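Peer 1: Structure below; questions to follow.
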Amino acid sequence: YKLSVSPEMDIMEYCRKEWRGNTPVAKRMRKGYEAVAQKFASIRRIRGDNYCAFRATLFQALSQATQLPRWLQSEDFTMLPENLLSKYDWIKQWQLKQKPGKKMGEISDEIKEYLILLRKKWKNISEIKDPLEKQEACDKLFKNEEEEYSLYEALKFLMLNTAIELYNADKNGRRVPVFSWLLFARDTSSNPCQLMHNHLNHIGHSGGLEQVEMFLLAYALQYTIQVYRLYKYSTDEFITLYPNDPEEDWPVVTLITEDDRHYNIPVRMCQETML
């Protein structure tokens, strides 16, 4: 059994353990971790299994949630699978984790269950006032493998919905964020159907999130994802925001990556940072 989110560890202690040598890469990583340690005291390792970007983002969002996001409150939120299926027949080829080949008629109901679960967990955790209790509730949720993976299926479906909205907006001449052009400029995802087949269906199975998909995740959740990209230390991409022109009222979650493939999370903001 692997922990999804490991217990806290001092950031610099973690860095010394991981990056001992004197290679240029090790030196850069140490500098990067030192910069993160100006703001955060500890790090929690995220289990790496192609879901780590989802896991790190959702864990951070839930552990600081104080209310249910607006998009989770809407009446028709749980009707998404039915509504999309009535318009786009190709969504029948959506692949559920551990259940490839299921008919979409059945999986429409399953995805609806996952969306309901996401709303329920978010609501319950956001209502917990005591920070310690809230942390315990998050730890408990991320120890329940079945629920955890169900939440990632919900996130993937929300990403598909967001991609469809952006694609249609662009086709109808409305303004869309730059990343949306990049997303659909790829040979492998020139439209939402291809995006589903070649990318979303593979997330968690044979691949994680590519950078342009981090933007899509941020838009789907209406969160700004701030990432310390340690291998980019001393460049202007060291701290990258997804999206890079976030809405002011979007909450911010912070992640750490050494290579844009695996993500961990910094925790415990240093006192002076909070003031």
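Each Cβ is built from the backbone N, Cα and C atoms, and glycine gets one as well.
Below are the features listed in TrEMBL for this protein:
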ACT_SITE  Asp49  active site
ACT_SITE  Cys52  active site, nucleophile
SITE      Glu237  site 'Linear diubiquitin binding'
ACT_SITE  His262  active site
Peer 1: Using C-alpha atoms only, work out the spacing between the residue listed as 'active site, nucleophile' and Glu237 (site 'Linear diubiquitin binding') and round it to an integer in Å.
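Peer 2: Here the two Cα atoms lie 21 Å apart.
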Peer 1: Would you mind reading off the Cα separation of Glu237 (site 'Linear diubiquitin binding') from Asp49 (active site), to the nearest angstrom?
Peer 2: 25
Peer 1: Counting other CB atoms within 10 A of each CB, which of the recorded positions Asp49, Glu237 comes out lowest?
Peer 2: Glu237
Peer 1: Identify, among the active-site residues Cys52, His262, the residue whose Cβ has the fewest other Cβ atoms within 10 Å in this structure.
Peer 2: His262
Peer 1: How many Å lie between the Cα of Asp49 (active site) and the Cα of His262 (active site)?
Peer 2: 9
